Amino acid sequence: MLTELTAWPWSVFVAIVLAIYDNHCGRRAPEAYPQVLEPIRRYDLYCRWLQNVVSLMNHHEFMAMLIGLTLSVVLGFLMDPAHSVLAYKRPGVQIVTDVILVLHWIYSLVSLFLEGEIFIILVGLISRNETVETAQEWKQNKHDVARETSKGNNIHVESLPDSDDYNELLDNGEFVHSQRQTPLTKAARRTVSTSGVSHDGTAKQRGTSEPGICASGMNLTPRCKGLRPAILDSVFRFADRDEMGLKPLSDSTPKAAAEMKKYVGLLLVYVPILSQILAWPTYFVAGRYLGQQDMYDAKFHFIYEYQLGYVFLAVWLVGMTRTTITILANGARAPARVNRPDQHVYKIMANSGPLKDAPYVLMANTGAVGRFNRAQRSMYNTDESLPMYLMCTMLAASVFGPIVLLPLLLTAYGRITFARLYIESLTARGAGFLPSMIGEKWTEGLVLLCAIKGIFFKPAKTQEVSSRKSSADKDIVPEEDKNALRRMHFESLVNFVAFNRKDPQRVFLPAGAPHRFCGTRGLN
């Protein structure tokens, strides 16, 4: 898109991006944390595209790149429909052009969704940090020191007596932000200290003093070379966790009912509506502009004639059942204070002593954590049988049509009830598990019935069709076909008589009427 607007070759834009990356994102800033090799500055936004941190000293370049990307995808999103209209008005079929435009429009939409979120986040970070006090200190000199001055090393810049010396040091980049002066650095040191690792990465627990080795024995030095946006993950691993490793309990901790209500609106209302908003335009665009309408009509006619629509409905209902169970599990996660990506909470079941001879590690089964574990287990129990049940449902629905909805609805009720009761109690889950098993085995029985009928029994309709085929081979007209011919001959005779009464000189004979019934052989 930019190549078309500016008439520049694509290599120019690649060179610009590489220059920005090499000149501004590849240098280590003096304000970077000493234990991290990547430049880390104030805004602390890690970009996986650049494999670097975007912050105070390079956010202008990154913002320019985001503006260019946003402009490109927005123009592509708006211009592709216009090009489609122009291509449709041209004579002839241009399927390749339409396909390319549709694919590019989808690409622009996805890119806008991914890149637009980053753009909004960066605008918010810049707006916030440009107004708060902690960001203004970087624009001032009250926390900067100068090295190798006439008065010595690490002299505060505001205490430099000579303005020429001040300007020379400023031009040479000798001003260094003092990390010991700012409240932000002091707070970071307190956080590092409470995490068990010193500011230089030295562990302070269990008597370990070797640099780069934490209390658990994990070497932190390789992680310093990784692409991390801030201080090492090992430092902030428990920054948002309590002494038990869970999210801290506060007044803002959501309840299960509120969390379930949020996910019901998202997964059962918003997402299905969005899926239909995407599905119907896809159907109309592909049918109208890609020449697929006749093919779609033939397939839908086949689906309607043989009641195969219930196959699609059954698969959709199975998906909604799985979504409902997911909502129950997400509702139990919030009061358990288990953050993602953790899917279970395990506990060392030591009865006494120091870990009591290395006991087994089992899932916690009491309190809010136990309810969350049981909710997750109910969801995984459904997933374990879901592939086989979904296959049986599709096979049974292709033969029995709407009848398969009976065991399907019973299974859905049982699975949802099973998950809901499993969260509350371990022993109460049987009230939902039994109906789900009945529905699943009912469906499997229908599949086995189809196999038996299809292998060992010849349906009556097949026998009737065979008898008709043999009768046609012998030039014998079945009785119902004879009745249809008699009715057609009688109507032809009535029309012939009525017309001759009005115009005796003219004979009317409908097409296909045999001459021997109308007595019109040789007449004009």
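Here the Cβ of each residue, glycine as well, is placed from N, Cα and C on the backbone.
As given in TrEMBL:
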DOMAIN    40-139  domain 'Palmitoyltransferase DHHC'
REGION    186-210  region 'Disordered'
TRANSMEM  6-21  transmembrane segment
TRANSMEM  62-79  transmembrane segment
TRANSMEM  99-126  transmembrane segment
TRANSMEM  263-286  transmembrane segment
TRANSMEM  306-330  transmembrane segment
TRANSMEM  386-410  transmembrane segment
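Long-range contacts of the transmembrane segment (386-410) within the same chain, counting only residues at least 6 positions beyond its ends with a Cβ under 8 Å from a Cβ of the stretch, are 306-308, 310-311, 313-315, 317-318, 322, 435-436, 438-440, 442-444, 446-447, 450. Across 62-79, 99-126, 306-330, stretch 306-330 shows the highest tally of CB pairs under 8 A with the transmembrane segment (263-286). Mean per-residue pLDDT, taken over the domain 'Palmitoyltransferase DHHC' (40-139), amounts to 72.
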